């Protein structure tokens, strides 16, 4: 069967500007349409069930960011000053290469490559690759930061949604996009992005660490599209190619053709789960940066579809009937958390993933109250306790669900007090064009939960003892798709109505 646990997310960020740099040929290696440079994600989409996609149109100019994913916007505008005299000042700088053209330190992300003059303000330059040991040591810090960022996002999403409505989002998807934006972010934008993402200042090696989070169950691919008149810096192109396995592709002057090109990429990289992301493309669109994460996970132990039946679920002040998956001896790690007054349960999935469910302890407790009490420290304590808990045969009742969410991310960014994302974004490391602005940012998620699993249930009959543990999900709940290896949420959300 097709779907077991299916999640799809899309994030769309469109950047538009008045015009490109006055000299579009300055420091731009992306003017050649690399149609032959196919993104590596195309063959991976069909292997997973959870899919996430991010669309961005930022103009980032990479200048001196090492492999760190921390970039914030600074008020430093690097105008087209490198276009007037691209290579006439190499001898005035006592660099180690007296007469070598400094305009092509591309394809290898050199460590000590001289950056273009930036009039005193910080602007990211060539990226320094970290060793495997450094990247590995960064992963624990990144996982912890992703937990903090996920809880920030959860509360921001919850505040923007109507009361008692379903929602689902991928913090990993959004973080992946914003981290790639960091490659080209200047001063204040860099600082603010680091703060929003809960990254330490100058978080080196974050891009490689993030790449390491893509495991067999989670596939991440990226692609950049840009208008012909937009000069993208070589440093950003090379960093994106090395760290995100994508090379920019040039859009045409035909909006319909561009729309088809982008939607086709989306469909391929979400296994056709999202066949049409965009219905139209703004005429002033300059850059589209896409990141698709497709995650496949099946139940470690299969639910028997024959045991799925219509059962009561408490929704608002009424009781509705929904398809409930049932098992008398399903392996569940669970306990009662007194801080949240909630039942916490963890179900194993394939590829070292798990589904964590937090449901109010009884009908007297509301999901809203549980959400308000859910802080990063409380969440981390719960996950640590789950890690020490054993999976035991449990009488499990869990609704079959499908949740689709679409959210304007600009309002979320404002909720997170990151106002410069809309008004004063500094992407000097991506392009010299100072006029680029974010015109749209969308995040879409689809969650589908059905019975199919990886391993067949054991055929041996086991008598059910009277003391059998019970975990019933018959009222609104919060869910987390958890990466057990790297310890971070891939997806989060809540379910009020399993039918929606």
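Residue numbers in this text run from 1 along the chain shown.
Keep in mind that glycine also has a Cβ here, set from the backbone N, Cα and C atoms.
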Which one of 20-43, 140-163 shows up in Swiss-Prot as region 'Disordered'?
-> 20-43
Look up 64, 131, 246, 406 in Swiss-Prot and give me whichever carries the note O-linked glycosylation site.
-> 64
Candidates 72, 96, 107, 111; Swiss-Prot annotation O-linked glycosylation site sits on 96
Residue 352 (N-linked glycosylation site) versus residue 253 (N-linked glycosylation site) - Cα distance in angstrom | 45
Rounded Cα distance, in Å, between residue 272 (N-linked glycosylation site) and residue 352 (N-linked glycosylation site) is 25
In the structure shown, with every protein chain counted, which of the glycosylation sites 238, 253, 272 has the densest set of Cβ atoms within 10 angstroms of its Cβ?
-> 238
Cα-Cα distance linking residue 238 (N-linked glycosylation site) and residue 352 (N-linked glycosylation site), given in Å to the nearest integer = 32
